[in-house]
Ligand code: HEM
């Protein structure tokens, strides 16, 4: 039988491709958008990670979600430093979530409050992605907008306390494989992972409308 981590990866492969090749992300990574688009995207991430991480303390003791909650993953402090760099000291007053982002954050919050398995699906979709493709985004952002390597502006993508991302991802997949839920609940988690990808794609679509290609 396939491991749960493989099932999750396989089930989201098509949507991963769709998210990765969304016009906004392609334009952003292709250097066709200004730094304001990058800042707006970073701002949207703040809402998602605020939802994920404000629940982390409480879920750390949960038998299903607890093993995934790790201090070295926490992204909110890094996002806040990036936003201060991108938007200036008053960044917090200007924060605004796109409707698609608000819907995404609401869904994360609802899972965090009522459904640990669903929270794990969202956790996987974000953090394993950040540890993988996130490194591509960081590299392009540094080159396109001149941020210091692993410095302010791209700290979100730098996991200071994870020395070996490959080993970390391997262990993370082992925790997925060992998650203490039955087959039906695993299927529900796969469906929630698909929903998480769709919520991400919707945010990219909204950003694409706000920042059409300039060149
Ligand atoms: C810039 C666009 C992206 C690139 C270049 C990219 C690239 C990658 C690569 C190369 C991997 C494989 C890593 C490995 O096998 O260890 C990966 C995995 C992953 N990505 Fe992305 N990605 C992108 C966007 C996204 C987005 C938008 C999401 C969802 C929010 C996402 C979620 C994931 C997840 C969950 C995994 C882990 C799959 C698994 O092994 O279980 N990625 N990505």
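Glycine is no exception: its Cβ is also placed from the backbone N, Cα and C atoms.
All annotation found in TrEMBL is predicted automatically rather than curated by experts.
Per TrEMBL, the features are:
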type	residues	note
BINDING	9, 16, 124, 173	heme b binding site
Taking every pair from 9, 16, 124, 173, which the record gives as binding heme b, the longest CA to CA distance in angstrom is 17
Same-chain, non-site residues whose Cβ lies within 8 A of the 9, 16, 124, 173 Cβ center for heme b are 5, 8, 12, 125, 128, 176, 193
Same chain, |i - j| six or more, Cβ under 8 Å of residue 124 (heme b binding site); the result in sequence order is 8, 68, 172, 176, 193
Residue 173 (heme b binding site), DSSP three-state class -> helix
